[in-house]
Structures are given as C-alpha cells and as structure tokens.
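Below is one structure, written out as structure tokens; the observations come after it.
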C-alpha cells in the first residue's frame, strides 16, 4: 500500500512539473549561485529559493528544505532560514575538489523531493610564471619555456606573447600536452631585440610573468658538427687526427668546440682542454694517446663568447693509434718442481701477457735467456707464456723480453737461486679484506730493499686442486687488490713473496673471502662418550667447500622431549664439547649450527640417551660387597682353623679307646683281653648282636628269682644312668647305629643309641649283704680321655641289698658312640631293638657263642660255660621277643655268679663300624 502511495505522489509531481505537450515546466525552485567555482579551503554559501506555486501545491515552505552533498544529508546546524521561500547552507574550509549539492523538500508522507542541484568546483588561482627562457635552434623557429607554478586543479591557459618595439606578434597559446612551452610561428631575426612574456589564466584569476628582452643571436643553439673522422699517424704512435664539418651558422657567429674521447672499453670520457678548441676550425690532433689503442671521439660547438647553447653531440667516431715497442717488461716468475734426475731440477718459467696499452702492438714472441752463474747463455724463443727447463742445482739468472712489429720491450730479470738457498725476510702484518667488491691485500714492507712482490692465490677446495694465479707488484707497493676473476663464497689462499736482488724471500700466506655467506650445511654432531650426567660430543670440521666463510663459532642446541632448549656457544677451533649437568636415563636431542659473519646453518638433529648408572658405579657397589663377603669368608675360615679343636670337640668328639684306659685296674681280677683278629673276620656280614654279659658271684646261693630281682634293679639303674655316661662311649663316625636291649615294660623310655659300647658291672662277694670296700684306682698314662668314673671315682658306689633278697649290684656304667641319625632319635622302642637282635643270622650266633665260651672257660669253668651256652642257644636267639632277650641277660648273670667269677667289663653292643676294645 505504501509503495502504491509513493508511486502516486511521484506521478503527481511529474504531472505538475510538465506541460501537456511534454515540455519541461519551470522547476519548483533554484540554487544561487548557479555554477560556482570556489577556492580550496575557503567558505561558501548557497541559497535555495522555492517558487510560490510549488509551495502552495505541496503546502511547504523554507522549513521543509533539506540540503544534501553527494547524497549525504547536511546537518541542520549549517542551515539558515532566510524567509518562508529561501534557505541557505554554509560550508567552511572546503577541501573537496568536486561537490554535488542538491536542494530537496519534504512532501506528503515525509518523502524527499529534489528541487534543484548544482556542482561546486574547487581549485586554486594560477601562480605567476617564472624562469621564462627562449632558445633559437639553428634553422628553426624560436621556442620558449617557463615554470607554470603549482597545480591549480582547474583548467589554466598559458599564452606566450612577444613583440618588437614597433610590432606585436601573434600570441602563442600552449597546448594541453605541453602547457609550459610554446614555439612561435614566425622566423627569427638576428641582431634585433625582442620582448617576451607569459600570461596564465583560469576561473579564479589571471597573472602575467616578468618580461624579458633579448637579441635572438644570443639564444642560438647551433647544429652539431657532422662527418667526424679519425686518422692515425705512422710517425707518431701517440696521436690521432680528427676532422669534421661545421654547421652553416658559422657564417653568422664564431664557434668554439668541445672534444671528448675514451678508450673503447672504458665508460668515462676524457676531454681536450677548452682553450685548445676555442676558435672555429674543422680539424684537431689529439696527442699523448697510448700506442696501439682504439679510441672513441665525439664533438660539439657553440657561440664563441659562451652566450647561447651548446649543440648536441656529434656522432661518435673511433680510431687506433699506431704500434710502438712494448712500454713495459712483462711480469716474470718461476716454479720449481722436483726432478727425477740426480743433480737437476725442473724449473717452470711463467710470465703474464702484457695488456694492450703496455704491449703497444701485436705481440710476436717472447725471448728467454738463462745464464748460469759464471757460465754460458741459453736462449729460448717462445710463443706461449711459460717455459719448462731442466736446470742444475746452481744459481741462474733469467731474462725475458717481449717483441712486436716495432721492437722489443725492456728485459725482465729474475734470479733463480741455488737449491741450498735459504729464503729470509718475509713481509710482516699481512692482511686481506674485501672492499668495493674487490679483495685487497695489505702488508708491511721489510727493511731490506725489495725489487718486486709476487702475489699468488688459489681457491681452496676439498674436491679440486689449488690452481694458482699470480700477479706482480712493484717493490714500492704495500697495498693492492687481486686482479682476477674472483668468486664469492670461495676461500682464497693468498701468498705474498718479496723478491730481492739475490732471490726470493720467505713467503707469507693468509686466507680471505671476497664475500662471505652462511654455510651450505651445518656440522654433524655425534657422541664420543656418554655418562650418567654428562656427554662428550664431537664433530668434524666443515669442508671448506661448504663453509662459505670463516667459521666464527659453533652453537650446540640440546633439549629433552619435554624440556626447554639450551644453547651453548663453542669456539670454532674446537671439535668436541662436554655437556654437563645432564639427567640420567634421559633422551636428549642435539643439533649444532655453524656461523660465519653472514649467518649460520643448522646441522641434522641427533639423539642419545644417558645411562641410568655411571661407568664404574655398579662395580663400585659390587666389588666392595664381594670383597666384604670374601673377607668375611676368609675371617670365618681363619677363625675355624684357629678354633678347630673346639669345633671338633662339639661336632666330632674323640672316642676313647677302652683298651688304653685304666678301667681294667678297677678290679684286682681283670679278665684277660681278647684279641680279635679283625672286626671284618668276626662279623663278615656286617651284623652282630647286642649282648649283655653279667658276671655273678659263683658262691652266691640266692635263689634265682632274687637274682632276677637284683638284675631288674640293675637294668633300671642302667636305663636311668644311660644318659649320664662318660665320654668313653662318645660318638665315632666309623660306627653305625644299633638298638639297646631293655625289658618289655620300659619300651617308652628306652633310647636308640647309635654305635654304643655298654658296660655292665656286677660286684660279687661272699657275703651278699656286706658292703664292699671302696676301690682305689690309679691314673693311666694313656692319652685317651678319661671315663666318667675315672674322672670322678667318688661316684662309684656299691649297692647293698638287705632283707629283701636283692643281690648287691654296683652302678652300671656304659659308654655311647653317636655319629649317625639315630643319635637324634633316642626314643626308639625296645621292640625295634629286639627285632634287630633277633635278626642275627646263624653264623653270627655261632661265632659269638664261641667267643663267649672261651671267655667263660677261663673264669668260671666248663660247668658254667655249658649252662651259658644252653641258655644262650635256647633263649637269646629264640623267636626274637623282648622277654627272651631279657632272659638271655638274666641267665648269663646267674651263670657268672654261681661260678664265683670276679667282676669284669665287656661291651654290650658292637655294631659294624663301631669301636671294639681288644
């Protein structure tokens, strides 16, 4: 709906502002001024005036006017309502060159309707033209130039005006493409003054330059000379003759000339002195030129008094001076190579080609003369620049001359010293440095008189040999530059050798670069030694081909995976460095950079891991521990060795030999000893029986039950005292275990004695209830340990049985040997021991029976022996019960007692490996 309303308003406005015939009607208003041109940075006011008919139709007045510049609304603060029909707007400090200003009114619905529009043009007024000058080119019309001043930003017209004193010439308007110059269209008249000035005009103003008055002849610019040619002279090799054709104006004015020349390869010109060419001429001879040298010439002219302008330069012309004999001897040097012939040496003579300005002509050949000291001459004619000869080890004098068409040069003299010559007096303070894209060499001259200096240089490379170039300098020179094709980033080895009258001096060398650059690649670092907290890094010096300059320093960058990077600077002379304060068992990343004066280059990155322990740290721990263990072991062995008797007593006590004891002296009736040939013969099968032999008094009339009762008491005493036996029954490692014999009702308290020798003692007397007197024993001289009874005789007492019918029995003494596992199990049952007794074979029984029979026959007679045998055969080796074993012991006692046998001591048990007293 709003769009339709807007369209209707616009259509109505168009209808009201046009006539029915289509012609435009008068606008609703206008802006004054109509087409303003204002000066930059000035103030400007525009007024918009509305017409009455539009005001009545749209019901508006000046309050409804809206000003806009370039479609942007101007703030109302700049508006001024003059009356109901006019409104003005003011601009201050106009900076824009072009402003579109429109006057608009607000109609129905606050719609803006354009009333009128203008363009404000800004600019500057013209400045006064300056530096007006005119030039009269020969054969052409006068042309004037000036300085138009600042830019006005407006269309500005320049007009050149000229007149004589009596005649005014037509104006010359400058063209748009050349606004500061203009050429008049009339012919120039010499020797008549003319007045000239310039007018400048634009929309903001008009100005006129100063007037100048001159004679055109003083503004003449002649045409350049033409047909320039150069001619040489055969008589004089240092001159060239120039000829040319002068311009036609020479008939009007006197000319002077400016002649310049240069060699063909030069870029700068040399000039003939102006006073030599200050008059009109058509030729000139140039002198003091170099022979056989091509020169280029050019020439120009102007009015003699200098008023006017120089002509343009003529076309260039060239010519070559005639030849002359070489002006200088060539540079001459030598090199000595080892010779394969004894007493000779190979000498290579070398020289430099003379430059054209010194050769003064085409070189035909070289003449070399060798003179040995106080000897004949050797002449050589060479077309090359070197000569190789074989010379003796003597001193030689070499001369060199160069020849052209005109003649020979002066001779270059060179002394070749003998092979034993010692060079001395080198130059001092040798320096080399780049400057102005040249490599300069400087030194301090020796005190001795130097004829010349030889400078040699070559490019150092690891891939190619050092090809030497050289040059010669005069003996008075102490600073020069290397004349050759030098390359950047290359290391040059420069050698300076002073040459004296008697031969060369000692050479001095130095390295230098024409221009340095960063290295082509960085050094490769590697580890030489890695420790727990440090690492020794090493690297190789960079090849000279990739250094590109002097290596000033190295920088080592190292870091862990998560740590910050650390940089360490290292002197360039070092090839290894030790990183300290590292962390053990850590991965490190290392790279290295080499730096020249122009920058650095990083090498490849390298990684290494520090060990967890330092070198020798494990050894430092293990070795002391091992030494301590070894020392402890040695001390233990020494202790055991020193205390071997004590240890042996506790671990392996000595078993006393009863045969060497004084036990036999306890009774005045000691039974004879039985000498058995061998235990192996007695018991070849390794088994024997535990036997108890009890001697009973022969005259004892006590009934058998009482005897048994006494025997039971004896057996109980034996069981109770078995653990208190003396050392006679000690352990022996050669003995084997055997069970002891006890009654069946004492199985739980019996002990399994290993290799035990038991003794039973029965004290007999005619009177049973009479206490026997204490026996006195004497100490044996044997070295065997004493028995318990021997050590303590007071313990030996007799047992008196009274009223009860008990027999008199002494305390039973027995001895043990322990060396087997049965010693640790003393609680073995009597039943087990009985089984061992019953397991004796028949052969053992027969052998034992025979032994017992022999013993009884000596002490008791054949009656007792018969009874003992019968009892032993019937009971002791019967079905193998404990009762039977006990019976065997009892019967033996009765037999011994009835026969009145004196008391004796016999072993109860002898096992294989045990000790058996003889």
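The backbone N, Cα and C atoms fix where each Cβ goes, glycine too.
Looking up 390, 687 in Swiss-Prot for N-linked glycosylation site, the annotated residue turns out to be 390. Among the residue ranges 537-573, 574-610, 611-647, 722-758, the one that Swiss-Prot annotates as region 'Disordered' is 722-758. Between the disulfide-bonded residues 48, 134, 144, 48 has the most other Cβ atoms inside 10 Å of its own Cβ, all protein chains included. When Cα-Cα distances from residue 564 (N-linked glycosylation site) are compared across the recorded positions 43, 54, 458, the shortest belongs to 458. Of the disulfide-bonded residues 28, 54, 458, 28 has the largest number of other Cβ atoms within 10 Å of its own Cβ. In this structure the alpha carbons, written CA, of residue 144 (disulfide bond) and residue 103 (disulfide bond) are 49 Å apart.
DSSP gives residue 131 (N-linked glycosylation site) a strand state. Neighbour counts of Cβ atoms within 10 Å were taken for the disulfide-bonded residues 103, 172, 182, 466; the minimum is at 466. A count of other CB atoms within 10 A of each Cβ picks out 553 as the most crowded of the glycosylation sites 43, 83, 383, 390, 553. When the glycosylation sites 131, 157, 227, 379, 564 are compared by the number of other C-beta atoms lying within 10 angstroms of their own C-beta, 564 comes out lowest.
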